[in-house]
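One structure is given here, and the rest of the page talks about it.
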Amino acid sequence: MVLGRGLLGRWSVAELGAVCARLGLGPALLGSLHHLGLRKSLTVDQGTMKVELLPALTDNYMYLLIDEDTKEAAIVDPVQPQKVVETARKHGVKLTTVLTTHHHWDHAGGNEKLVKLEPGLKVYGGDDRIGALTHKVTHLSTLQVGSLHVKCLSTPCHTSGHICYFVTKPNSPEPPAVFTGDTLFVAGCGKFYEGTADEMYKALLEVLGRLPADTRVYCGHEYTINNLKFARHVEPDNTAVREKLAWAKEKYSIGEPTVPSTIAEEFTYNPFMRVREKTVQQHAGETEPVATMRAIRKEKDQFKMPRD
């Protein structure tokens, strides 16, 4: 689907969203809106910690993490470096740090260019395949972005070196944040390219699932609607799934992100976080959480997405 600039000049983003939703063209709309610069960014002010969501490529997110106390900033997965530099300048912050969740091109592919644009950046990641890497981290490694504390969480499965970054402001009541790359999505999880169901179970339930319930979840892609359609298939009577899906469709229709969620919310509608629930196990025909994880991931990989 191609949307001409003349069409965009006559219709608002919301009107285009409504038309494409009626025609079952949601994914095409999102890609088109992005390429014409209309997929919206969002700034989440959590207190001292500020997070700007930067749409990238077709459905990726980069995240500018800002410490308001020191005006120091980090960027998560900067696949479009020029956009990152311009956004940092807009906020008047000093970009010091790159937090790379994993080595895939749509997350790490901008690292080399960014370090040329901004010499002296510290580039963190858990995999030697990450471009421009200066600081290799492991599980529970820590670092600072200004006054913000960052803890590295190893979550191998999507890739063997995948890291999630858990960010807190010490001695502050503001909620934490976790940048989950392609491990945890809103209502979903990443494909098991280099790992197993057991590893994803540990990543979701034993690592991320044990973070504070109010932790904001900033994931790597805008996959929420399709994830919730699968969640609805798994648990058709789950009210939380249906309510979140209706909300996400509304956000999508006006070009707004569905991120962040929270850890607490994910336990109510994400089937991969709910593999200990009897309803999910019964759908999978299993009685054990890891086997359920394996079964529903295999099913989702082959799932024909409804067009509603």
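Cβ atoms here come from the backbone N, Cα and C positions, even for glycine.
Annotation for ASP182 (Zn(2+) 1 binding site): same-chain Cβ neighbours under 8 Å, separated by at least 6 residues, are THR101, HIS102, HIS104, HIS107, HIS158, THR159, HIS162, GLY190, LYS191, CYS219, GLY220, HIS221. The Zn(2+) 1 binding site annotation in Swiss-Prot covers HIS102, HIS104, HIS158, ASP182 and is backed by similarity to another entry.
Positions annotated as Zn(2+) 2 binding site by Swiss-Prot: ASP106, HIS107, ASP182, HIS221. Secondary structure from DSSP puts ASP106 (Zn(2+) 2 binding site) in a helix. Counting only residues at least six positions away in the same chain, the Cβ atoms of ALA56, LEU57, ASN60, VAL79 sit under 8 Å from the Cβ of ASP106 (Zn(2+) 2 binding site).
Swiss-Prot lists LYS191, PHE192, TYR193, HIS221, GLU222, TYR223, ARG297, LYS298, GLU299, LYS300 with the feature substrate binding site.
In the three-state DSSP reading, LYS116 (N6-acetyllysine) counts as helix. There are 11 other Cβ atoms within 10 Å of the Cβ belonging to LYS116 (N6-acetyllysine). Positions annotated as N6-acetyllysine by Swiss-Prot: LYS116 (among others).
Per Swiss-Prot, N6-acetyllysine is recorded for LYS229 (among others), and the stated evidence type is similarity to another entry. In the three-state DSSP classification, LYS229 (N6-acetyllysine) falls within a helix.
If you look up Swiss-Prot, you'll see LYS229 marked as N6-succinyllysine. The Cβ of LYS229 (N6-acetyllysine) has LEU245, MET305, PRO306, ASP308 as same-chain neighbours under 8 Å, each 6 or more residues away in sequence.
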Around the Cβ of HIS102 (Zn(2+) 1 binding site), the count of other Cβ atoms that are within 10 Å: 29
Where TYR193 (substrate binding site) sits in the secondary structure, as DSSP reduces it to three classes: coil
Most Cβ neighbours inside 10 Å, all chains, among the binding-site residues HIS104, HIS158, LYS191, ARG297: HIS158
CB-centroid shell, 8 A cutoff, Zn(2+) 1 site HIS102, HIS104, HIS158, ASP182, site residues removed: THR101, HIS103, HIS107, THR159, HIS162, GLY181, THR183, GLY190, TYR193, GLY220
GLU222, GLU299 as binding-site residues, winner by CB count within 10 A: GLU222
Cβ packing number for HIS221 (Zn(2+) 2 binding site), 10 Å threshold: 21
Residues within 8 Å of the ASP106, HIS107, ASP182, HIS221 Cβ centre (excluding the Zn(2+) 2 site residues themselves): ASN60, ASP77, THR101, HIS102, HIS104, GLY181, GLY220
